[in-house]
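Some features that TrEMBL has for this protein:
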BINDING   Cys20, Cys56, Cys94  [4Fe-4S] cluster 1 binding site
BINDING   Cys172, Cys176, Cys179  [4Fe-4S] cluster 2 binding site
DOMAIN    11-131  domain 'MTTase N-terminal'
DOMAIN    158-390  domain 'Radical SAM core'
DOMAIN    393-455  domain 'TRAM'
Amino acid sequence: MPEQLSNSPSRGLHIITWGCQMNVYDSARMADVLRPLGYSPVDLPDNADMIILNTCHIRERAAEKVFSELGRLRQIREARKLEGKETLIAVAGCVAQAEGKELLARAPYVDLVLGPQTYHRLPEMVARIARAGGSVIDTDFPVESKFDLLPEEAAPQNEGNLTAFLTIQEGCDKFCSFCVVPYTRGAETSRPVASILAEAERLVASGVKEITLLGQNVNAFHGDWNGGTASLPELASLLHEKIPALKRLRYITSHPRDMEQALIDAHRDNPIFMPYLHLPVQSGSDKVLKAMNRGHTADEYREIISRLRQARPDIALTSDFIVGHPGETDEDFEATMQLVRDVRFASAYSFKYSQRPGTPAAGQPFQVAEDVKEKRLAALQALLREQQDAFNASLVGTVQDVLVTGLGRKPGQLNGRSPYLQPVHFEGDPSQIGQIVKVRITAPFTNSLGGHLHEQEGTAI
Ligand code: SAM
Ligand code: SF4
């Protein structure tokens, strides 16, 4: 389901977000950029003077989904027009970047088409439409960095403003055979450290306790700092030293090739790093990994995992998998299953390979039949589900630090987040919201945990 930003209006803004955390972050920043123009988020598109669809192009039928949503929005616009109200419709994100011109040709009623690199120019685009009418398309990869031009606000996005995303790196130069990101998000760039520290300070001052650093290749980060550059573990040390009220740090998404020893060591040495890492492997077959242009073998991945576990024995690992990449045989798929059995994941995302126009894999022969992909995906997901259940069950009886994020659904219940990113439900006092408390885990569910406050050790912050 798309996520929706909400609040109460002056000029109503409704943003519908598909895709990754980076899109969620971008949507919040688009709201920041439009705030000085009098736009505030509203819950329903029917009340919005401007509607933005922030789109994702990573898998199939992305454009079709956008057109179907646009059809609905067009009707809303017509209905509002009868009441004498104008509505601007904008399409942002990776579908806009990849298919902007086709989009305007097929849906000429769209007012604005903008890529992920140009949303700092939104006010200018809105002004241009107000002056001259018509549609505006801006899918450049501009010379100026949007991060230098965005307002210094950065609204936290999640869970009672206690957790937030912070983009530190964008784009990708790795060109995996199947992936559109290098084409839609452009070349890899890192944000300067000073600007990241300033945004993190603002977030923490507003109550945020846990930050997730975002990037398509976040562990390739090398942001300007002190006349040179800082790596991800160096940035994490700076965040820890300079912002003591920041209690927890995560980062997503990493590439195995950039999993340097210094970063692995930081999982042992920097106390704000959560014992959790999402490290996509995609396949366990060396032949498929090579065809995917991933730049590492299955054993190299196993070796990284073993070094991570040496450094931080309690680390929980999650991953991404693609089944049915062109040329994948039963034997290759079995190698993926074996890698999963060897590594044991706490959870994982898995997808059927989807042919993305313009990517190298799309033109390769030996595309795998749909029913074969489906069978492989079902087998992989069953194994991953077993491992997720086993991981959750292994926590029963342990005491976990839980960041209390809000009230639960039942009276007297609180919700929180474990170090392993699982939702945790337990009975407690609302005054504990915002604290990190000790919870003894008593009940494992597939996607969450139940527990009781651990009285002796009390609250941690
Ligand atoms: N940068 C990350 C990495 O190197 O693994 C991945 C970022 S991508 C936005 C998120 C996930 O979408 C990928 O890890 C991959 O599993 C999946 N994905 C990307 N392109 C895909 C495709 N054409 N078909 C199926 N899944 C795809
Ligand atoms: Fe896409 Fe990730 Fe590969 Fe870059 S490293 S091309 S973002 S899958």
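Heads up, the Cβ atoms here are built off N, Cα and C, so glycines get one too.
Automatic, uncurated: that is what TrEMBL annotation is.
Features as recorded by TrEMBL, highlighted on the structure.
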residue	record	CB count, 10 Å
Cys20	[4Fe-4S] cluster 1 binding site	19
Cys56	[4Fe-4S] cluster 1 binding site	20
Cys94	[4Fe-4S] cluster 1 binding site	25
Cys172	[4Fe-4S] cluster 2 binding site	22
Cys176	[4Fe-4S] cluster 2 binding site	23
Cys179	[4Fe-4S] cluster 2 binding site	21
Residues flanking the [4Fe-4S] cluster 1 site, with Cβ no more than 8 Å from the Cβ centroid of Cys20, Cys56, Cys94 and excluding those residues themselves: Trp18, Gly19, Met22, Asn23, Thr55, His57, Ile58, Gly93, Thr184
Sequence-ordered binding-site residues from Cys56, Cys94, Cys179 with Cβ under 6 Å of an atom of ligand 1: Cys179
Cys179 ([4Fe-4S] cluster 2 binding site) versus Cys56 ([4Fe-4S] cluster 1 binding site) - Cα distance in angstrom: 12
DSSP-derived class (H/G/I helix, E/B strand, else coil) of Cys179 ([4Fe-4S] cluster 2 binding site): coil
Alpha-carbon distance [Cys94 ([4Fe-4S] cluster 1 binding site); Cys176 ([4Fe-4S] cluster 2 binding site)] in Å: 17
Non-site residues, in chain order, whose CB comes within 8 A of the mean position of the CB atoms of Cys172, Cys176, Cys179 at [4Fe-4S] cluster 2: Lys174, Phe175, Phe178, Val180, Val181, Pro182, Gln216
Rounded to the nearest Å - Cα separation of Cys172 ([4Fe-4S] cluster 2 binding site) and Cys20 ([4Fe-4S] cluster 1 binding site): 15
Among Cys20, Cys56, Cys94, the binding-site residues whose C-beta sits under 6 Å from ligand 2: none
Inter-residue C-alpha distance, Cys94 ([4Fe-4S] cluster 1 binding site) and Cys179 ([4Fe-4S] cluster 2 binding site) (nearest angstrom): 12
Per-residue pLDDT averaged over the domain 'TRAM' (393-455), given as an integer: 94
Cys94 ([4Fe-4S] cluster 1 binding site) - helix vs strand vs coil (DSSP): helix
Tally of DSSP helical, extended and coil residues in the domain 'MTTase N-terminal' (11-131): 67 helix, 25 strand, 29 coil
Pairwise CA distance, Cys179 ([4Fe-4S] cluster 2 binding site) versus Cys20 ([4Fe-4S] cluster 1 binding site), rounded so that it is a whole Å: 14
